[in-house]
Amino acid sequence: KPQLVASNDRFCRFLEEYCPVVTETYYPTIWCWEGRVQTLLRPFITSRPQVQYRNELIKTADGGQISLDWFDNSDSLYYPDASTRPTVLLLPGLTGTSKESYILHMIHQSETLGYRCVVFNNRGIAGEDLLTPRTYCAANTEDLEAVIHHVHSLHPAAPFMAAGVSMGGMLLLNYLGKTGRDTPLMAAAIFSAGWNVFESVESLEKPLNWLLFNYYLTTCLQSSISRHRQMLEKLFDMDLVMKARTVREFDKQFTSVMFGYRTIDDYYEDASPCRKLKSVGIPVLCLNSVDDVFSPGHAIPVETAKQNANVALVLTSCGGHIGFLEGIWPRKCTYMDRVFKQFVQAMFEHGNKIFSM
């Protein structure tokens, strides 16, 4: 069974009643239960539901643009009125977009419940041009704030939630820690977030993890910016950035410099959501596996979570990073998908009961 960490008894009772998956025994796929294997295989094993998006480009205050992919769910039987149709904002991982299989599955789950979804693609990675020499990072929440304000202004009467995966979850947590209760979001779900960036990069620099994940992730980061080389060369020595062989080297030469940090340690400290968790002011459910090499179990802020009545952690012993595969042939629904579906439905349809139980 997963470990449910929450200081608020009412939040616990709410989850047990309306999101019972968090108390069920999680049985990982027996032939790939190890965390690294789950992490590696999930993108290849899980299906990719067909989703028809409507793209929108919005302008930012600094002259840049952000690509949003909308799933309007116009045929929703449960919520035919678009003005009050519940909306879920989805934040993919570090180099992820609306095309990731885990995002497609979240949209598929939302579709069956009648909800609308919008995917926040970070600058420059979803095919759109960079209009300014700026991309994104886990610590800077300005673009996310602009997106949340934009989506809420379009549908001010619609219940509004967000779900973030991996770096998307870190960014969402950092936003919630900054805004407290001053947000149009009613709740949030976080999956496989890296809680302490120092511990995450140290874990990823162990020889086997570097070979399996770190080097590949670094090349993905380099690939995501190489298309914008002409724009970025105005500020960066791109030859040096392209020589990075670890995420830490990339962040040292590129990310921390772009966002004005004096050192990479200053950036990593600011990007670590564990430092902001105590300030979160809305109900948040966070799912992590303790065998996730991207977010090692010992770095999950269990004691800090116990000090905030709005926070619940669900910790599984297996599942890897965005893995959570279950069943003999885990093509479709993962444990993470089921947690997402039950939690958003619980909040949208019974959220008013959370503090009255």
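The chain as shown is numbered from 1 upward.
Glycine residues also receive a Cβ, built from the backbone N, Cα and C atoms like all the rest.
Positions annotated as domain 'AB hydrolase-1' by TrEMBL: 86-327.
Packing around SER166 (active site, charge relay system) is summarised by its Cβ count: 26 other Cβ atoms lie within 10 angstroms of its Cβ, all protein chains included. What TrEMBL records for SER166 (among others) is active site, charge relay system.
The feature active site, charge relay system is assigned by TrEMBL to ASP292 (among others). Listed in sequence order, the residues of the same chain lying 6 or more apart from ASP292 (active site, charge relay system) and placing their CB within less than 8 Å of its CB are GLY35, THR39, SER192, GLY319, GLY320, HIS321.
HIS321 (active site, charge relay system) is surrounded by 25 other CB atoms, counting those within 10 A of its CB over all protein chains shown. Annotated active site, charge relay system per TrEMBL: HIS321 (among others), in sequence order.
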Model confidence over the domain 'AB hydrolase-1' (86-327), averaged pLDDT: 97
